[in-house]
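Please read the structure below before turning to the comments.
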Amino acid sequence: MSQTTAAPPDAPAPTGIPRAGRLPRWAPYACFAAGAGAAVLLGLLTSLNPATFVIYTVVLGTIALYVASRRVEGSRRAIDRLVTCLVVSAFGIAMVPLISLVIEVLSQGLERLDGEFFSSSLVGVVGEGGGAYHALMGTLIVTGLTTLISVPIGLMTAIYLVEYGTGRLKRSITFMVDVMTGIPSIVAGLFAYALFASFLGPGIRLGIVGAVALSVLMIPVVVRSAEEVLKLVPNELREASYALGVPKWRTIVKVVIPTAIAGLGTGITLAIARVVGETAPLLVTVGITNATNFDPFDGRMATLPVYAYYQLTQPGVPPQFAIDRAWTAALLLIILVMGLNLVARLISRFFAPKTGR
Amino acid sequence: MTTTSAPTEPPVQRPVRRIGDRVFSGGARIAGILILIVLAGVGAFLVVESLPAITASPEDVPGEGGLAAYIAPLIFGTLLSALIALLVATPLAVAIALFITFYAPRRIAQPLGYVVDLLAAIPSIVYGFWGIAWLAPQMVPFYEWLEENLGFIPLFAGPVSTTGRTMLTAGLVLAIMILPIISALAREVFGQTPALHREAALALGATRWEMIRMAVLPYGRSGVIGGAMLGLGRALGETMAIALVLSVSGGITFNLISSGNPSTIAANIALEFPESSGLDVNTLIASGLALFLITLLVNTLARWIVNRRADFSGAN
Amino acid sequence: MLKLSTKSRATTLSVALAGTLALSACGASNEADNAGGGGGESGGLSGTLVGAGSSAMQAAMQGFIAGYSSVQPDVTVNYDPVGSGGGREQFLAGGTDFAGTDAYLDDEELAQAEERCGSSGVFELPNYISPIAVIYNLDGVDELNLSPETLAGIFNQQITNWNDPAIAADNPDATLPDQAITPVNRSDESGTTENFVEYLSAAAGEAWPHEVSGDWPVAGGEAAQGTSGVVSAVSGGQGTIGYADLSQAGDLGVANIGVGEEFVAPSPEAAAAVVENSDRVEDRPEYSFAVDLNRDTTGSGEYPIVLISYHVGCVEYEDQETADLVKDFMSYVVSEEGQQAAAEASGSAPISEGLREQAQTAIDAITAAA
Amino acid sequence: MAKRIDVSDLNIYYGNFRAVEGVTVSIEPRSVTALIGPSGCGKSTFLRSLNRMHEVLPGARVEGKVVMDGQDLYGADVDPVDVRRQIGMVFQRPNPFPTMSIYDNVAAGLRLNNKKMKKSELDDLVERSLRGANLWNEVKDRLDRPGSGLSGGQQQRLCIARAIAVEPDVLLMDEPCSALDPISTLAIEDLMTELKDKYTIVIVTHNMQQAARVSEQTGFFNLNGVGQPGRLIEFNPTEKIFSNPDERATEDYISGRFG
């Protein structure tokens, strides 16, 4: 703001277009500085804390800027400035919780993000120490299985809808996929549990049951995104391929899918990210264990969300150790999701159709 | 005579199809049908499992007032929390989308968009943790202020919960959870506003806000509504965050800042299911059926709105 | 050619991914590698034992399992804290080898147990005894005495302020602030709630008119999920009071409960004492040692708000391996060593010598069907 | 290699709508046949029915006969995929596969059909096809670059190279120059004159000069009114069509356009 004393940046335009007066560029800063000053005064009168200070500053600064702008620049520009202030402060308001969320998880979770956390399970652990190796592996296995189930079904359904589907079946599948996106996650869990329990007896807890439950949640997401992406593949490419005497299925496999692979990869990765943190369905389908179990068809498995949930809600004595582990597991989940997002970006960059000369 | 079909029955053309084609198209069709089957399975499961609760005599249902009396406050809580979330999140999400698309400097806009997208994928249990540990205690002074100054409105009648784990807090947590979903969709449609429309507005001498109001908002309205409905669907079905954050110990009440709040359907299932057996389980599943129907309704409504609006928005 | 084709890039990527997964799939560092089956110096048994049930027992089970793994490193014991009801249901349906439950089987379930286990039925061992503390968060009040009637009044929301005469009568020396009381209860159905309500119902008489169940009967209070939820709600609020396992009370104030003429602080010893002096339930199978707690005890030094969790299993298992595992694990659980491990992990009260002897007779009876 | 095509009494439908009616024509081998006519008169539809690309659209079907060297293309036991292998097609807008390099684009017809071939043979074929499409000298140093990086005219010649790489008997071109500048158009026209020694070429064009320049035979399509099916009004040697057409409609169309 030191340059504010320099010549006003808004020298009259040389073209001579008549224009209304404009506030100098430092005006918003000045208004908000004034707002801050007034906020301090107001705060001293009542009670001053950072939150009220920020609120007063923003409100008073916005009013000051609006009034100033209205006097100098007229009402249209004043409204424009007012909306700018509103949009920016709404954005700020929205960012506060989001940032605090990240900070909270980091500050609580970083402490235990150590080698032991990644290398050991909870077998023989009471109180301090222990890790989430088994839960991490469980999450990877269950999520991997989910992907294995959902991606072929979801992709084939999308292919059906885009390439083959006609008439009533297509319309009903489209509608049902929509309905399926609305299945509450806990209902999906109960459904998968009931399905397997009717074959294998009640009390069944297997990794595969969890994978089925998560698939119910993931398939519609995959179908939706894959459908959008496949629709974007130009029809000309399909025709070019047909004209070369390539059968339809080969055209889909070798031309359509490779062209859309970047979008498909991104969509699938984001779908995985969407289900990897699901807790409720896994609680009733996969259960929990302390030991590492690599076999999704035999016995309970630990998964990160369930692990975090139980560590937080059923801590031992003293509770702090388990609570620390819960936060670290939550942090690990976020890191996992972030990693997946990163992978999605890499995929889309890696496989994007080449256009460069 | 020309547009109608030929006088002779058209010869049935049964094109020779390769095995590969037959297998592949069959596979695609089976995958599609499988989805129908799964959904039918979910529906059948819900209906069959809730039947005992629907037909049971009122005394046997938990709470002893019959199924309707059991589920009604849950539906109320579900709708109320989702409604709060929607009311708070939609304007903020639009602001975020506008900020990132039109206001933020280009260099930081993209990373910002990325960060907001990322938040959509944070597991709900983390939101729950954060809601108890950070948000709820922060809200208590604000609630006290509300009760003191706006206590005459039934919404803020109090008495204020000393832990802050209230319906309003739960609604806010949900709002923050669905914020990224709505803003992502809004950002997408705002970004797709044809440059021609925007430039046409600017060429008429519009300010930035007037350009947004004239060109961007009408174009993006259906996208925003669609996103909001999607967020609403997510909020309705949210389980763990509510189970952790909300203090559930009351019936239907509009009082948003006290300890006694109705539970939501999904959270109630998660809280009660472990210790339930027999008819209690059927009752919980019946409530799940109600939730399923509500989300179905919301999703259908969303699709209808988006489709209807699509005709007028100029999008194709 | 420097540039790889899309296809070969995809291959590289997937190979790299597969490699990463293969590398990480090598097992946890703290787990015995029982893949080779060579654990010669271990206790001799190997296998997996699956239990599910009470979440209240979870911390203690962690202690049992951790301690047991040093005795029998090749045995994996899984315990899934699905809740008592779920645990009983899964066990009776044959989904698990044993159950942990906060309430003993009712008659209907006993009938089902005949199907599950055969005519010799089940064993029920009260292996986890935990005092439920009344915790509160009130500035300036370090010690709080509450008679059963007052306690019931508070949780029934009849007594709504800390300076209520009823509380003052129990605490003549304390300076009670003029502050609203926020009672905190469990929002999920739980054995802790059931035991607490059972106590109020038995001890407070008229002051507690509600029926006993695992669901909290009074609306309008603060409700939180799980013991940890109650603890965090109590410590997060002002003038709050709740109930939770003593071991989870942390820095919170713990009220002394009126028993007879005196006020007793919760402690493992006081809890064990009340169990010792309670009666075994009549007309149960031979190896069911279910206890009806003497909630309205007036005995000196007895703390009546106690949660007992049982281990439930079959007296006769279908296969020898399971029978051996259950037998060996239960022997460890009731042993002094095992009880000590649980006490360290969960703050529970070790079972008395008498209970241990009883339990051992049941454990000795465990066999496999011919 | 080049084959003749005899079409007799062909009706083409989209669902219940008859788009083209009663076409009977013989297309000579080793020559260029041009199809002209106003928009929407069924030229492209007719062209696409020659290699059964028409069927790709849902509800589309054909009545009548298309015979190529004695073989009925719409016979009951004929696989449309085989037909398309023998009758290649080039489209209005150049459409190289964006995920493939120039080399891969040319080799696509073989690769996509999983034909096993030695690397050296494939190299030869790619070079031959690119030379055939007059593109080799322009791209031989950057065969591994994406095909979409070429200019529009180059892309269209790449598509022609791709089409001739599968060694078809007939080459169909659907307005191949309409998206190109005059210089690229000239290059494609030169190419057609070269290719007609080996292939039967059928081209749809709106540019009557182009038809006059490159073709031996010309067919004129027209329709009587909106909603009516298109018909082949006249089919004659190009010279005759442009100098002394049999039909009044042909003359009107040509003179009207020539003005």
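Including glycine, each Cβ sits where the backbone N, Cα and C put it.
Note that TrEMBL annotation is computational and uncurated.
Among the features that TrEMBL reports, transmembrane segment is placed at A:26-45 (among others). Panel annotation: around the transmembrane segment (A:26-45), residues 1, 4, 52-53, 56-65, 68-69, 81 of the same chain, lying at least six beyond its termini, place a Cβ under 8 Å from a Cβ of the stretch.
Residues annotated as transmembrane segment in TrEMBL: A:51-69 (among others). With a threshold of 8 Å between CB atoms, the same-chain residues lying at least 6 positions outside the transmembrane segment (A:51-69) that come near it are 23, 27-28, 31-36, 38-40, 42-43, 77-78, 81-82, 85-86, 89, 92.
Packing against the transmembrane segment (A:81-103) from elsewhere in the chain are residues 28, 58, 61-62, 65-66, 69, 73, 334: each is 6 or more residues past its ends and has a CB under 8 Å from a CB in it. Feature annotation from TrEMBL assigns transmembrane segment to A:81-103 (among others).
If you look up TrEMBL, you'll see A:135-161 (among others) marked as transmembrane segment.
Residues annotated as domain 'ABC transmembrane type-1' in TrEMBL: A:136-344.
Look at TrEMBL and you will find A:173-196 (among others) tagged as transmembrane segment. Under 8 Å from some Cβ of the transmembrane segment (A:173-196) lie the Cβ atoms of residues 157, 160-161, 165, 204, 206, 208-210, 212-214, 216-217, 219-221, 223-224, 278, 280-285, all in the same chain and six or more residues away from its ends.
TrEMBL lists A:202-223 (among others) with the feature transmembrane segment.
Positions annotated as transmembrane segment by TrEMBL: A:255-276 (among others). Remote same-chain partners of the transmembrane segment (A:255-276), defined as residues 6 or more beyond its termini with a Cβ less than 8 Å from a stretch Cβ, comprise 139, 143, 146-147, 150-151, 154-155, 163, 214, 217-218, 221-222, 224-226, 228-230, 232-233, 237-238, 240-241, 246, 304, 333, 336-337, 340-341, 343-345, 347-353.
Annotated transmembrane segment per TrEMBL: A:326-347 (among others), in sequence order.
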